[in-house]
Amino acid sequence: MSSTNQSSVTEFLLLGLSRQPQQQQLLFLLFLIMYLATVLGNLLIILAIGTDSRLHTPMYFFLSNLSFVDVCFSSTTVPKVLANHILGSQAISFSGCLTQLYFLAVFGNMDNFLLAVMSYDRFVAICHPLHYTTKMTRQLCVLLVVGSWVVANMNCLLHILLMARLSFCADNMIPHFFCDGTPLLKLSCSDTHLNELMILTEGAVVMVTPFVCILISYIHITCAVLRVSSPRGGWKSFSTCGSHLAVVCLFYGTVIAVYFNPSSSHLAGRDMAAAVMYAVVTPMLNPFIYSLRNSDMKAALRKVLAMRFPSKQ
């Protein structure tokens, strides 16, 4: 059997963000704090929406799904980083690496699809308010979420199967803090043109189509707001989209910076900085972005916290 095949590499080494011990300790602390904030913040959002009947609407249904996906997204990478630091190890098995890559891609795709679905919800609410309840039915909302899961898993399974066929020879060091597609393609000693072609074609379609839907939705929303006679009324309508727009810019800005450049132009430091933004920082910020200027959400969160920590008389 040839020595230059897939079985010659049984594990990869995740080099992480830094090799300096002091920086590693600081990064461990930062990642731990951000991960705890991500889990706590998003679970509070889910709990608040589930316990407050006023929030049982399509917008908050999609938001609770986004919060669930964000917890899963962050949990795909950060716990492994923390565990490796505690154990003093950099290793991840070949199968573990592909598994991590698969779930990272699935949850990333789900973020993408849910942001598009949420923009459609805002489009219907602002542009067709009288037909909102008849258009955004519970059946449609469930169908949109389930359909997103199906498409995300099918898309990611295709890319993982293409990745699994590659051969990895002597070099098994990944200059990243998790298993990502671009570093793995660079390590492969096989022809990766098909993988790169699929990322830039099929992968781009899956990523760009929801983004185009978001743009179209906001063009219609902007036109509808500009037609409102009262500036105050128009601003109030558009302000409900502000949180969603902030998350869209944060998510797509970092993803495009990493995944839609030629592989030869990728710089490890820049890619990792962008990866920290979309895989760690964005899931942490989403609960704050969606709740800071939302009075209904803040009231629901106060209610949940009051139930958990009742004030002493």
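Cβ from N, Cα, C; glycine included.
Residues annotated as N-linked glycosylation site in Swiss-Prot: N5.
Annotation source Swiss-Prot lists transmembrane segment at 26-50 (among others), citing sequence analysis.
Residues or ranges marked as topological domain 'Cytoplasmic' by Swiss-Prot on the basis of sequence analysis: 51-57 (among others). Under 8 Å from some Cβ of the topological domain 'Cytoplasmic' (51-57) lie the Cβ atoms of residues 296-297, 299-300, 303-304, 307, all in the same chain and six or more residues away from its ends.
The list of residues near the transmembrane segment (58-79) in space but at least 6 beyond its ends in sequence, with Cβ under 8 angstroms from a Cβ of it, reads 31, 34-35, 38-39, 42-43, 45-46, 49-50, 100, 103-104, 107-108, 110-111, 114-115, 117-118, 121-122, 125, 136, 138, 141, 144-145, 177-178, 279-280, 282-284, 286-287, 290, 297. Feature annotation from Swiss-Prot assigns transmembrane segment to 58-79 (among others).
The disulfide bond feature in Swiss-Prot is assigned to C97-C189; the stated evidence is sequence analysis. C97 (disulfide bond) carries a helical DSSP state (H, G or I).
For 101-120 (among others), the entry in Swiss-Prot reads transmembrane segment. Within its own chain, the transmembrane segment (101-120) is flanked in space by residues 59, 62-63, 65-66, 69-70, 72-73, 76-77, 144-145, 148-149, 151-153, 155-157, 159-160, 163, 178-181, 184, 206-207, 209-211, 213-214, 217-218, 244, 247-248, 251, 255, 278-279, which lie at least six positions past its ends and keep a Cβ under 8 Å from the stretch.
Across the topological domain 'Cytoplasmic' (121-139), DSSP classifies residues as 16 helix, 0 strand, 3 coil. Annotation source Swiss-Prot lists topological domain 'Cytoplasmic' at 121-139 (among others), citing sequence analysis.
Annotation source Swiss-Prot lists transmembrane segment at 140-158 (among others), citing sequence analysis.
Under the heading transmembrane segment, Swiss-Prot lists 197-219 (among others).
Sequence annotations record features per position, and here Swiss-Prot assigns topological domain 'Cytoplasmic' to 220-236 (among others).
What Swiss-Prot lists as transmembrane segment is 237-260 (among others), and the listing cites sequence analysis.
Through the fold, the transmembrane segment (273-292) approaches residues 17, 31, 34-35, 37-38, 41-42, 44-45, 63, 66-67, 70-71, 73-74, 76-78, 104, 108, 176-178, 180, 243, 246-247, 250-251, 254-255, 257-258, 298, 301 of its own chain, all at least 6 residues removed from its boundaries and within a Cβ separation under 8 Å. Taken from Swiss-Prot, the feature transmembrane segment applies to 273-292 (among others), supported by sequence analysis.
Positions annotated as topological domain 'Cytoplasmic' by Swiss-Prot: 293-313 (among others).
Neighbour counts of Cβ atoms within 10 Å were compared across the disulfide-bonded residues C97, C189; the minimum falls on C189.
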